[in-house]
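For reference, the structure is listed below as structure tokens.
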Amino acid sequence: MSKSPVAIIILDGFGKRAETVGNAVAQANKPNFDRYWADFPHGELKAAGLDVGLPEGQMGNSEVGHTNIGAGRIVYQSLTRIDKAIEEGEFQENKALNNAFTHTKENNSDLHLFGLLSDGGVHSHINHLVALLETAKDKGVKNVYIHAFLDGRDVAPQSSLEYLETLQKAISDLNYGAIATVSGRFYAMDRDKRWERVEKAYKAIVSAEGEKFEDPIELVKASYANDKNDEFVVPAIITKDGKPVATVKDNDAVIFFNFRPDRAIQLSNAFTDKEWDHFDRGADHPKNIKFVTMTLYNPSIDAEVAFEPIEMKNVIGEVLSNEGLSQLRIAETEKYPHVTFFMNGGRNEEFPGENRILINSPKVETYDLQPEMSAYEVTDALVEDIKNDKHDAIILNFANPDMVGHSGMLEPTIKAIEAVDENLGRVVDLILEKGGSAIIFADHGNSETMSTPEGKPHTAHTTVPVPVIVTKKGVTLREGGRLADVAPTMLDLLGVKKPAEMTGESLIQK
């Protein structure tokens, strides 16, 4: 039977900004997007700050965006939850955190804090690290050591010195704690099974393998002199009197303070997985450690969780499933967790009638080297699926504008957007041919802002609104939409009643 599918098409990191300087979206040749914009109802969506459950003025990101899209409601994010817990005193009494503190006291051992050192608010926040230091001191933990992962991606490429200085000031004010290792997130926070990267971070933390520096500031400056920005700082060891400040040893406790799971899973597994076979962890692999993660990274990780997920009922996948509609989730590796786990409200398993296609992202050092990434392969697989009338609903993500946008390089990002546009045309024209419709939009901004006002590369997400197109003639879109309104719009196009839990509203004016 022929199907007329309704698709959610996410152009990841494709924001809307009037200024064309440093704007890859505006400068790209994108005839298909421009044609849909001209021919169909369009507008913009809010995708940052309070509109997606983040603090006011906080840029959106893919995890937050896809969670809000799938939920059809504003979902208060981990960043906001943890901030609130610190403010209201719940953080200090958190059971999992206190279990880590107790473990060190009972074993006369050390506490180690792992995480991304910035105020980017995408994976972590430096305020949470400072709160952990204050709380550990209050609770009588004797020694605490920080293993700092440098950002340079959700914040400026060379901004780690200011975060290290903020951290050193907190250490000095509290007269408590020390930085033990420093690593660029490229190594410590890989999510693409590049195990040789994770191994470098792991061995720095456990075996003090790596270059030695007495001062983290000098370490970063040496890295810059070597043309390696924060993200790419090779894992290195901080020493005192010629000896490593600290390594993770038997009976220690670890708190991984990243709240976003995807880039914290592999390193967590390196410490906790009993069946590990990705690299030789060596004789130093610590035994009997208490491992605590800020949020649930993956149910398979042997760790206590400080902030358990809030279960959500009636996300888009569940509603489609309950209606007996078939649905496809499709993306390349970089954004596959977003169209599955995050879109399903933090649920790994499929709903009945939900199918998934994962296309591998290319194995390149950085995506500016291959701006098209796997967009053509994703599209080939999807076109085949649509031609064969497989699914009633489709959720697709094109990763390129975001992943190449993070390079801070304008030309490759323009190429990335042009590749996406070509593939967007193939998908949407086929859907229209089948009598279906698509909601084309982005989860957050990035590629529309590739340079700072000073003309330096801009690699982070932004707070700008994102464009939205609904490829259905004869309807009008209301203004003031946000990401939470996308799922209700899909249901509207499918003729399905929106459940009470979805507080978002269809973008189509009645």
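Every residue gets a Cβ built from N, Cα and C, even glycine.
There are 25 other Cβ atoms within 10 Å of the Cβ belonging to Asp12 (Mn(2+) 2 binding site). Under the DSSP three-state reduction, Asp12 (Mn(2+) 2 binding site) is assigned to coil, being neither helix nor strand. As annotated by Swiss-Prot, Mn(2+) 2 binding site applies to Asp12, Ser62, Asp443, His444, with the evidence given as sequence analysis.
The active site, phosphoserine intermediate feature in Swiss-Prot is assigned to Ser62. Of all Cβ atoms in the protein chains displayed, 28 besides its own lie within 10 Å of the Cβ of Ser62 (Mn(2+) 2 binding site).
The substrate binding site annotation in Swiss-Prot covers His123, Arg153, Asp154, Arg185, Arg191, Arg260, Pro261, Asp262, Arg263, Lys335 and is backed by sequence analysis. DSSP gives Arg191 (substrate binding site) a coil state; it is part of no helix or strand. For Arg191 (substrate binding site), the number of other Cβ atoms no farther than 10 Å from its own Cβ, over all displayed protein chains, is 16.
Secondary structure from DSSP puts His461 (Mn(2+) 1 binding site) in coil. Of all the Cβ atoms in the protein chains shown, 31 others lie within 10 Å of the Cβ of His461 (Mn(2+) 1 binding site). Taken from Swiss-Prot, the feature Mn(2+) 1 binding site covers Asp402, His406, His461.
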Cβ neighbour count (within 10 Å, all chains shown) around His406 (Mn(2+) 1 binding site): 25
Substrate site span - longest C-alpha distance across His123, Arg153, Asp154, Arg185, Arg191, Arg260, Pro261, Asp262, Arg263, Lys335, in Å: 18
Secondary structure at Pro261 (substrate binding site), reduced by DSSP to three states: coil
Cβ neighbour count within 10 Å of Asp154 (substrate binding site): 23
Spatially closest candidate among Asp12, Ser62, His406, His461, the listed binding-site residues, to Arg263 (substrate binding site) (Cα to Cα): Ser62
For His406 (Mn(2+) 1 binding site): DSSP state (helix, strand, coil): coil
Those binding-site residues, out of His123, Asp154, Arg191, Pro261, that come within 10 angstroms of Asp402 (Mn(2+) 1 binding site) at the Cα: none
